[in-house]
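Down below is the structure, laid out as structure tokens.
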């Protein structure tokens, strides 16, 4: 049994609508272990650093405005196949076509305000986790 870790973010729209507990409960119900968690309010520099791979895309400025508009909750999730399983559970970016039962189907407002983020690969998960957490803040079981 090989456990993986992935980064999850509960985005500003979900935080502002008091969905943190609901999302965490659903994660635990799906077998994800939360091994690190914190709430923070990103400044522009932090948001741009995190989303640097999107800096040349048309939606970048809107994404940065959104991600700095209110607090977020960042979590490190652990389970077998964590990256793939969490991405499946999140649903597609566009909530209008997200599958029933996914987080984005249930909670997203639109493609930008889509409630949650998840790492798209193991390599990116490692980079994203390190962006927000020191090793001493992660309590792997």
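Yeah, the Cβs are placed from backbone N, Cα and C, and that goes for glycine too.
What Swiss-Prot records for 11, 59, 87, 93, 104, 114 is ATP binding site. Residue 59 (ATP binding site) falls outside any helix or strand according to DSSP and counts as coil. The Cβ neighbour count for residue 59 (ATP binding site), using a 10 Å radius and every protein chain shown, is 12.
Taken from Swiss-Prot, the feature active site, pros-phosphohistidine intermediate applies to 117. DSSP classifies residue 117 (active site, pros-phosphohistidine intermediate) as strand under the three-state reduction.
In the structure shown, the C-beta of 114 has more C-beta neighbours within 10 angstroms than that of any other entry among the binding-site residues 93, 114.
Look at residue 87 (ATP binding site): DSSP puts it in a helix. Per the record's binding annotation for ATP, residues 11, 59, 87, 93, 104, 114 show a top Cα-Cα distance of 21 Å.
The number of other CB atoms found within 10 A of the CB of residue 104 (ATP binding site), across every protein chain shown, is 22.
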